[in-house]
């Protein structure tokens, strides 16, 4: 068995062979420009490389590969390009100024470098220069190095020199990045030097030095800014530092402001303002834009405008970075570009540019995307993206690797033998990219469907194609060669194998074959069946092979015919198969051989335009018929070309009768027959002879400028243009032109001459050739026109002042030539004096001469000789220096010492001749210059000198002379200077010490002797120390300023009672003199600083305590110990304090005797000296020992039944210990039996049962302590009764309780039957049943409870018990303790930092004072501080206060109940006042030309330290103040840099804590020569109209002043009006702020059964009130200080329902809308002030000028007359209409004289009361018995100042004063009282306060009140509304007043009335409340408005809506 297998592979393209690790890369991708000097040449390495080694080539930008030019250009084998040095005549633009690139190629591909511009720089001469500059002293100067533009790009400034000395950038000299020289803070000496710049050529290395320039320095003069350095545009790359220069000259120093794109530029971070301008660090493209530098001062502005271009370096990035694909796939590349916009992007593959085509697409913005479809193997390699913009370029590359995608057979079927009917499955597994298509054949015939074969395929996960061929039942005919063919775009692969099916062998019929001559042909024998023996081939019965071209493969039956030949190989071929040895079969096939055409090659010869063309195409062989066609450039030839084609058999000819350029192209002849189609191609090039497009013409060239000689030609090939030159105008002899940097041929063929010279004049020939036809040429003549040029002139020349000077210059050029002379920027005219210009022609030259007669200093400078003709101009600069004697130097004092003066001078104008020396003169100020000391010929190199051996503190005058070779200068300005002081040589005199306190010593002394002071004594140093015999202690030094010849100082904060030694030294500016002799003194004695320590107390008996302590150290005693004081007091059980006692002793122990038994004592110990008591020790507590108790204070016994009695008792008055129990004894006499019963210590009654009826028993009680039984009580007798009468076991007595607590009054009654109990309260001597309500109730055991006890609950309560057999009664006196009364606070002493307050305590409220709270606040501040104070103290000193400041103080006492009323607010001021300048001191110590020394010693601090000091000055007539850099006040201050000979205004402001003071002054600086300037005088200039400018200005100023004055007056009136109102309300604000503080502190919990909170209490203090109180029968004027009491109450519905039973009544229907709390204080004790603001409701806002009215109700008692208490001060009789006055009680220290107006805050002159005054008056009223139950009506209104006099007089008629005047201050227009309600007539009188008494007759009333009372006695029913203003009227249209409407009383008032006799009871009739009169139609509104919860209820405003007949009233008691 044998196997036949054949594998063929076919490829459609040639590919590169890949190395396994090949790559390409760049070694210097940034190389883009190479510039070199022509004299040095350069080497340029190729920036590309690769692995394996690459082939490097260089190309021009046009793509032409460069070649070696011997001696000029060479490419080394390593790829380095070398340009050799060359002379200028060999310069070639093609080589020396061109763009190159190089390529690197290896098997990976080919990459191309970026374009590299190679440029040679020719050496050419150049000069740099610097121009003179001008500036002002103290300003900035800028020198610039001017470089010719032709070399500016290559030449840089490397340094600057100042008189041959190199300058280094430092503090004053700065060299910028652009090469400019900045000189900062220019001084006069800077003008003495020459300045030049040094440059270096970047490529040739040549250096150049500029000419010398001078700096002219002038004195500062007011001027607008002028730009010294700026910029037009700047270009930079991102990341670089950019400097934008902007510097200007101006005075004052201008301000710089930068803008970018017209927006202010924030100078921070990367943007920094420097001396030179703007510095931008790390520039960014966003920084590009327009920049404006605005420079301005008060005299003008200037601008620098320029643009900045910041370019981002171009960067190209290709993605993806790695591309590996397969043949036939698609590859996409993207090129991202960063950098500038609008760049040009192009793609390259293997160094060749890519253009869009069939399979290449370039898309995206700016062609950024490259897409290639159907990649073939040749598409692999290096891809590059190039980006170009201007001269910048960037590239990136990526290698694209294409894998072989040709199909490959992975696995396939093999040859096999099968039996018939056996199934067969053939598999072919193929891979390839793209996926291949698999087809099947059998013996070269395609297998079709339905032939018994099934074909299927699948794609595996690996991407392989698996094709199946299945035969379900094989047959013999299915045998043969099976072939699977895989085909894709990359290629095709075949696999075949034979499948033999057993059966008889045979041959399938074979098709005839056509073979192509010259190629190979295969013939297959298609055998089927198996097995067989052999296969043989025959041709014409001849067994094959019979030659070398025939090969027979017996194993597979294939015959191969190589290089088929028609004559030999064509014919019949037979295949014979031997089936069996004797059996064979055969089959024949005919082979036909076809011969393809063969075209004889042809080529187009060289044709020129217009010629005729004939080209034949001959097919020399090939089978006929043959078809011949022609194509041009791959397309059929169009008929429009005029081409004729003739075809004859096997030939074809192409004919063109008239050749033109359009016939250029590739022509192809194509021959076709049945065998094949062949073609031959040849290129036709039409050559065009040259001809001129632009012919040269004669033209003119101007010397020194560029000229272009035009010449342009065309032709094909492109013609070459060559220029030749013949010098001169003679017969032309043309010679080639040597091209160089000056002469170049442009790309269009024109000749460029950059700088025309005279030698360029002549004939120029333009020759054009291209080897086609004859060359053409044309000549032209260039005429060189010479512009005017200065050929000869002196650069510098000298002249002597006053002499004649001539200067000449020679000009050359085309005539006519005009020569003119200029001085600086001024043209010299013939009519100008002293100048004479003459001109003459000498040959081709013109000579001009300038004569100056005579020369003066102003002639120094630059003269220019300016020559002008029609072709140009030139200028020669001549520096004329006029020499003269120098100007005097400007001298100043460099240093002044006590013995030397160092001068420094600045040389002014040197006379343009070097200074040869200086002369210095010095004299005493008072001497003449004739006696001056002289120093001559000081070296000119010096600019300072020192004068020695002068006297300290003496005044000298100094001047100088300068000399040069011309002469001597005038004397300089005279400087007067005082030598520095030396330290004093003598001590202060008459030093005395005087101790002034325990911690201070007063030191007095006098200045040292005059001749020893060595200057002005500025101050003193006081040295002090604690004196000791050793004397080793170091002195403490205090420095003080001097105030005169006699000095005084007080040393503070010394140790008390200590011996001190003290010395004094005088000081001046030079130092400190010797000290005085040490003097010894001792500080005064003081109280001890510390309390005794280790205080111990031990109770030794029930009545004694032993106390011991440690004595004090000497340091703590502060004096001589006089003894110790022991203070002690008993702490009683009820919390009260016993009497405070003290005992003195000299020993450190003491025994206290006679103490209360078993009592807790507080003990303190202090030491005292002769100065007083020291600090008390901390309290210690010790209790005396127990003893037997005293007898019970009382015993009661009563029968409860026939066999039982009750015993009750009171505790002993002297408990003497803890009661352990009580023993009750009961005995009867017959027989005597004593029974003992024990009761617990907390029970006070005992029931004794089982007694005998009708038998008397004796009962007594004994208390028992741990010490034993005490004394027995009295023995009482009791008898048990069956009918036991009612008896009360409770004892009568006094019950004391704090207010706002629940109190239970016991009443335990016994009897049989059980008695009934009732409680009564005594009211004005008449008992009445107690009221049972929510607050009062009676328990079932008979006890009476009062919840939240109030002051009015005080009084006598009686409990009555009765039954059928008797009754009993007890009386309990209930005393309610209340907060204490206000203390009376005064100021006793003030200092600069402390205020000592003293006070007298008020009533303690029934409970001893526990302490005080002192509040204080700084004036105009609402922040209050507080201090707790001991109850025994009566004064307090506040330390560390501000000096010279007003303070407010209040004091509050506290007892066991709580804090009481605050005292009135008093004010005091610490010592001190605002600073002031002493009139005896001179402000200006010294004045010269530019400096002023101020003497600040004259400032007196006013006793308070200086806190701030401000000093400002400005030149007279200017508006801008200059603030001196000064923050503290010292002895002197110097103002620098002033303008000479100028008047100045000066103002100072000095402040301390007491205030500020200002001082203004004018001064004038001296002239340059030291003289004074005239005083200020207004100049007068007469105008044409006769009116002076000054007069016009006066009129304008006068009108302006009048207008401003009127405006200021109006504003002042508004301010005064506002301040008056603020001052009137200031006191109320003080009370408000204090109330706010107290409201936050005084919250406490009420001890009620329900644990309700107590209300907050607010005290409103009023210093004074004047009140008119009306009654029906009496009227009193009360004047005193009082406080109104306010507490809160709930005015909800519940309160309204209880209005008949409680003491507050609301007479306003909409009271719930009130804006503040409605307050019920009926339970308050007079003089206290609880309040809260809960349940406050908002209401309508009050309107101005509306009256508000409050009615205050309180029941009036009917009691007998009493006298007034001592707290009341009745006014003395006075005249009618007068007003009581009382001196203000505020304490004012002696330092307060200047603020005397502050001591009274409330006017006592006005009858109009403030709300505070009303509150005080009301309190006094309610404390008066006969007014306690009166109803008060308060009417509020707004009054004016004009109406106060009428109100004070108390007019009885209505006036218009209230309605017509301007509203001013809120006040009280009316205050009336109404009778009490009848049911309130019997209210409680037993208050726990002193009773108020009233006078019994009219004697004590003021006369006007008595008169008013008598006048109204007869009208009991008339409303008492005739007093004090009577009403507040709302201003309306009409002024007619109606009789006031009288409001009806409230329903409660009208429901009852009382009457009695005048002797026993006060008679009251029902009256009405006086209210506001109204006009018709007027709406008078009134509603309560509470401004805040802390303000008084009386400080309210409101309005009543509608015609409500009721006034709003509040019940306040």
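Using N, Cα and C of the backbone, Cβ positions are placed for all residues, glycine too.
Record features, source Swiss-Prot:
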type	residues	note
DOMAIN	20-119	domain 'Ig-like C2-type 1'
CARBOHYD	78	N-linked glycosylation site
CARBOHYD	470	N-linked glycosylation site
CARBOHYD	666	N-linked glycosylation site
DOMAIN	690-783	domain 'Ig-like C2-type 8'
DOMAIN	987-1086	domain 'Fibronectin type-III 2'
CARBOHYD	1160	N-linked glycosylation site
CARBOHYD	1250	N-linked glycosylation site
TRANSMEM	1595-1615	transmembrane segment
Three-state secondary structure, which DSSP defines for residue 78 (N-linked glycosylation site): coil
Residue 470 (N-linked glycosylation site) CB neighbourhood, other CB atoms within 10 A: 14
Pairwise Cα distance for residue 470 (N-linked glycosylation site)/residue 1160 (N-linked glycosylation site) [Å, integer]: 129
Candidates 78, 1160, 1250 (glycosylation sites) - the one closest to residue 666 (N-linked glycosylation site) by CA: 78
Fewest other C-beta atoms within 10 angstroms, as judged across 78, 666, which are the glycosylation sites: 78
Mean of pLDDT values spanning the domain 'Ig-like C2-type 1' (20-119): 88
Cβ-Cβ distance under 8 Å to residue 1160 (N-linked glycosylation site), same chain, at least six residues away: 1130, 1131, 1181, 1182, 1183
Distant-in-sequence Cβ neighbours of residue 1250 (N-linked glycosylation site), under 8 Å, six or more positions away: 1203, 1204
Helix, strand and coil counts within the domain 'Fibronectin type-III 2' (987-1086) (DSSP): 3 helix, 55 strand, 42 coil
Per-state residue totals over the domain 'Ig-like C2-type 1' (20-119) - DSSP helix, strand, coil: 7 helix, 48 strand, 45 coil
